[in-house]
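So the structure is just underneath, and the comments pick up after that.
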Amino acid sequence: QDELKFSTGPENGTAVTEFILEGFSGLDQRLQLFLSLLLLLIYLTTVMGNATIIFLVCADPRLQTPMYFFISNLSFLEIWFTSSTSVKLLLILGFGRRTISLSGCFAQCYFYFALGCTEFVLLVVMSFDRYVAICQPLRYAAIMKPQLCIRLVLAAWVLGITLVSCHLVVLSKLTFCGSNKIHHFFCDNSPLFKLSCSDTSLLWKIDSVLLSFVLLGSLCLTLAFYMGILFCVLHLPAASGRKKAFTTCSSHLTTLAIVYGSCIALYVRPSKDVSLETNTVVALLNTVLYPFLNPFIYSLRNKAVRLALKEVIARATTQR
């Protein structure tokens, strides 16, 4: 049984030094074990799928194009994003290790939001790349030069990390001197703000504005590029080309609906009015399901990637 841990605080006598993550604690022990095995399978598949994409893009010259350069960066990001929450969730469900230190909690929260914000910016970059490829095919090579691609990816990382550094400053202002039980499976904003004994009214507003700016801003830009793609596709002369483009875009939009829908439900409204139980379930969509689907949606269903994978397997088999 986990125990509350406190240390002497300057103002309130005691200050929390450790949190207890209570997400899914109400489930039967056998069900928690089953979920841990299922999550482990999903996590390993996610990591292996994304790692395979990175390896193929680096090893096969045919995949060293702007589109696959962005996809490999997304895969790299997804490995760390899902690891920031899934590893701790595995420890919670499989071994009952629910405690996390105050600094560990802040670090998890920081990486979750920093990597998430970076991904939203990268999704805008990827939609821009697809827009140029479909709507400006003759100018694609001239526009999407390697230098521009590298700068766009760096801009995504710098922007995501910089914005969430402000978020970390907000977190560092909080003090905790009451209960240390977080009703979630990771250190998210809502439970941390609710546990704080500081005045968090201003922090709720700052956090809501920051996350709304990132989410809604990137969503509007991404949808604008996909709308441009849609208009271009409608003017394609060949029906087969239209069908292929519609199939690709519809699969991309499905995954975007999952990640944006779940994040908007969690963060683009006053979080004080959202139940923590709802947050826990919805958060699984963008921390577990979305990273799991990405390798299949963006890469492993493409003929060029499947061909490269078959060749790598064939070479490995021949060498044996």
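Cβ atoms here come from the backbone N, Cα and C positions, even for glycine.
Annotated in TrEMBL:
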TRANSMEM  33-58  transmembrane segment
DOMAIN    49-298  domain 'G-protein coupled receptors family 1 profile'
TRANSMEM  70-95  transmembrane segment
TRANSMEM  110-128  transmembrane segment
TRANSMEM  148-170  transmembrane segment
TRANSMEM  209-233  transmembrane segment
TRANSMEM  245-268  transmembrane segment
TRANSMEM  280-300  transmembrane segment
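Between the transmembrane segment (148-170) and the transmembrane segment (70-95), three or more CB pairs separated by 6 or more residues in sequence fall under 8 Å, so the two stretches touch.
Counting Cβ pairs closer than 8 Å and at least 6 residues apart in sequence, the transmembrane segment (209-233) and the transmembrane segment (110-128) reach three or more and so form a contact. Per-residue confidence over the domain 'G-protein coupled receptors family 1 profile' (49-298) averages out at a pLDDT of 86.
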